[in-house]
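One structure below.
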Amino acid sequence: MHYIWKEWKENIRGKGLWLSVSIIVLLSLIILIRFASHPLDHGFYILLINLFDTIVYFIPILCLFIGAFSIFQEKEQKTLIMLLTKKDHYASFLAKKILGISVVVLLPLLAWFFLYLLLLKFQFQLDIKSYLIFILSILLMSVLFLQVGAAIGSFSRSRMQIIGHTIFIWFYFFFLHDFILLSLLPHITNENVKVFSTFYFLNPLQAIRIFLETSMEVYSFSHMSRLLQEFMWTEPSAFLVGNFAFWMVGSFASAVFFNRKDVHE
Amino acid sequence: MKKITLLLIFFSLILISNPEEYEASNHLQSLIDSMEEGAVLKLGNKTYEGNIVINKRLTIIGSKHTVIKGDGTSNVISIKAPGVKLRHLTVIHGGMNRNTAEEYAAIKIHTNHNVIEHVKIRDSYHGIYLSQAHHNTIQYNDIKGMGKGKIAAQGNGLHIYYANNNLLAHNKIEGTRDGMFFDYANRNKSYDNHISHTRYGLHYMYSDENIFKRNIFTMNQGGAAIMNSNRLKLKDNQFLINYGNQSFGLLLLQANENNIENNMFYLNQRGLYIDQSTKNIIKNNKIIENEIGIELWASSNEQIFTLNKIYENTIPAALIGGKGESNAWSKDGKGNDWGTFFPLTDLDQNGIGDFPITYYSSLHQLLEKQELTNLFLKSHAITIYEKINAALNDNEVMFKDPHPLVQRKRNHSFILVAVLSLLAVILIKGRHPYALHLERMEGKHKR
């Protein structure tokens with residue numbers, strides 16, 4: 001609780017959180033106006049898909065930056081050393097810090113998306129289950145990238161390093177990961193498709209998108225070939241849980257293992 | 001005492017068996033049989049047991065809660081006389097058995113000039129089945145199938161079999177196998193129907209010269225599949241979110257000389273999917289935000305694409321399985337509007353680009369050989385993949401539009417401008433206290 005309060009106090013004074021939330025608010029309003037002025041059948045689902053496809057550009061990078069700078073600030077202001085002298089291990093500090101950042105980032109987002117639902121109610125026929133799935137997808141994406149951001153903040157020694165690492169990770173998940181898999185596609189057979197599928201769903205952006213679209217029953221995996229059945233060897237939700245666990249544990253472990261408490265002046 | 005108990009049990013059994021409904025069921029068929037030709041039968045707010053056969057020209061009008069419930073072994077209502085009208089009924093519990101000579105339906109029509117309207121159908125194999133029945137009007141009906149997971153184990157919303165010149169309008173169909181299935185059915189008209197969550201919203205097999213207008217197909221595995229059918233007219237329909245690994249807005253398979261005009265294809269896996277088809281005219285359609293705008297297999301020839309708006313698709317058009325050079329991407333000097341995908345100049349201001357455009361891509365090879373490619377169509381890596389292959393000269397011509405239309409001004413970068421403005425405002429506002437702080441510091445120093 002102490003960390004949540006501390007994080008709240010720090011973020012409320014800074015620009016990062018408000019910038020991020022303002023961007024999400026603005027984007028969702030623009031998309032609402034766009035689809036409200038051109039109503040289509042099942043417009044609610046169309047709006048959610050378009051909203052997700054748009055904010056997926058922003059949430060990962062914003063969360064990476066918020067997470068990274070939040071940790072880095074502790075190092076820069078020497079508060080990290082003070083906190084760790086109180087018999088607190090870095091892992092426990094990191095866990096509390098991530099919890100704090102997550103709560104502080106997710107609360108305004110949740111509040112906005114609740115308000116947004118009220119706005120949607122005037123224009124569309126709502127499907128609450130789909131909306132909750134949408135919110136869950138956004139929240140999972142935010143937490144995951146905040147955690148990865150915290151890892152960046154842990155092992156970076158300067159602001160430049162943070163910017164470099166963040167942009168690389170964003171670029172990796174947005175382009176590079178899929179590009180590598182695309183290049184491997186001609187060599188995929190029934191024998192190796194499960195391994196390929198595992199790597200495909202290691203990209204959180206793909207895992208979350210497929211979970212969202214299938215859970216909303218917008219995207220259907222039907223009449224699948226043997227290859228595709230092998231590819232989808234478990235449920236999209238299971239892929240998402242696996243992906244989430246992998247990146248949360250992986251980034252936490254790397255943050256603890258490679259953390260540097262010193263900062264380049 | 002024993003006798004009294006037995007009597008009580010006997011009377012309870014009579015009560016439980018609901019004698020009123022039982023009588024009503026016999027009553028409905030006998031009522032129908034006893035009615036005169038052309039009579040009007042008004043039904044009350046209760047459940048009548050089927051199945052019933054209508055052998056004479058009658059009008060049956062239900063009330064708000066009139067239900068005709070089949071026994072689950074056959075067609076609930078069989079119409080075997082012409083000129084029958086059914087209105088405001090709910091028909092349920094048709095036969096689902098597929099191991100019989102006949103496929104059952106909630107309403108099976110064997111005759112001509114019947115009208116079925118405002119009928120709600122549930123829990124039946126087919127909804128309304130027209131078997132060699134012509135000039136019927138089927139409108140304002142609401143048919144719901146068993147939905148996801150049971151698509152293949154059930155029939156179609158409307159099944160039109162060897163039936164011609166029927167009007168199918170304003171029907172709402174959801175969760176059946178195919179929304180409307182036409183088999184050897186010609187010159188039928190389908191207007192203003194809403195079809196969702198089916199396998200194919202509309203499915204034509206060996207059915208010619210049909211017209212469908214203003215229908216909306218959403219969230220089906222395939223919007224409309226036209227197979228082995230010719231000279232159809234498709235106008236003003238909407239194909240929305242038909243989105244899945246095998247999905248499409250409209251499939252033309254061995255379908256020739258069809259006229260596809262003024263339709264909207266939005267957010268489908270493929271907007272149009274054309275295979276082994278010739279001489280179709282695709283004109284004035286909006287093909288927007290699909291994964292693949294037009295997937296054209298090389299076995300298809302002599303299509304004409306003109307005046308279409310083909311915007312913001314991941315791939316505007318993919319030509320698969322060969323060159324397909326005989327397809328025309330413009331007619332009478334008017335090509336298609338490709339949005340911002342191709343930068344164009346129009347110095348003479350005639351609305352036509354000053355030079356032809358050619359679209360190169362390498363993805364067709366992957367799409368043809370590896371179905372998993374579809375899973376990457378939303379990925380941004382596709383852009384890089386295409387650029388790298390372009391640099392390696394591994395691309396092939398997908399289409400050439402000799403007369404591309406110049407896009408009218410659209411508010412395309414509105415989102416970007418708005419976000420950048422917001423960034424600027426926040427940064428300026430954010431800098432303000434710091435600037436003030438500096439000013440104050442300067443003031444202190446001056447003092």
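First residue shown is number 1, and so on along the chain.
The backbone N, Cα and C atoms fix where each Cβ goes, glycine too.
Taken from TrEMBL, the feature transmembrane segment covers A:16-37 (among others). Under 8 Å from some Cβ of the transmembrane segment (A:16-37) lie the Cβ atoms of residues 43, 46-47, 50-51, 54-55, 58-59, 62-63, 65-66, 69, 104-105, 108-109, 112-113, 116, 119-120, 123, all in the same chain and six or more residues away from its ends.
Same-chain neighbours of the transmembrane segment (A:43-72): 7, 10-11, 16-17, 19-20, 23-24, 27-28, 31-32, 34-35, 94, 97-98, 101, 105, 120, 123-127, 130-131, 134, 137-138, 141-142, 144-154, 156, 159, 162, 165-167, 169-170, 173-174, 205, 209, 212-213, 216, 218, 255, 263, counting only residues six or more beyond its ends whose CB sits under 8 Å from a CB of the stretch. Positions annotated as transmembrane segment by TrEMBL: A:43-72 (among others).
Taken from TrEMBL, the feature transmembrane segment applies to A:93-119 (among others).
The feature transmembrane segment is assigned by TrEMBL to A:131-155 (among others). Outside the transmembrane segment (A:131-155), and at least 6 residues removed from its termini, the chain residues within Cβ reach (under 8 Å) are 48, 51-52, 55-56, 59-61, 63-72, 75, 90, 94, 97-98, 101-102, 105-106, 109-110, 113, 117, 120, 162, 165-166, 169, 204-205, 208-209, 211-212, 215-216, 240, 244, 247-248, 251-252, 254-256, 258-260.
According to TrEMBL, the feature transmembrane segment maps to A:167-188 (among others). Sequence-distant contacts of the transmembrane segment (A:167-188), counting only residues of its own chain at least 6 positions beyond either end whose CB sits under 8 Å from a CB of the stretch, comprise 60-61, 64, 148, 152, 196, 199-200, 202-206, 227.
Non-local neighbours of the transmembrane segment (A:237-258) in the same chain are 71, 90-91, 94-95, 98, 140, 143-144, 147-148, 150-151, 153-155, 201-204, 207-208, 210-211, 215; each lies 6+ residues outside the stretch with a CB under 8 Å from one of its CB atoms. Summarising the annotation, TrEMBL assigns transmembrane segment to A:237-258 (among others).
Within its own chain, the transmembrane segment (A:93-119) is flanked in space by residues 3-4, 6-8, 11, 17, 20-21, 24-25, 28, 32, 63, 66-67, 70-71, 74, 80, 83-84, 126, 131, 135, 138-139, 142-143, 146-147, 150, 154, 252, 255-256, 259, which lie at least six positions past its ends and keep a Cβ under 8 Å from the stretch.
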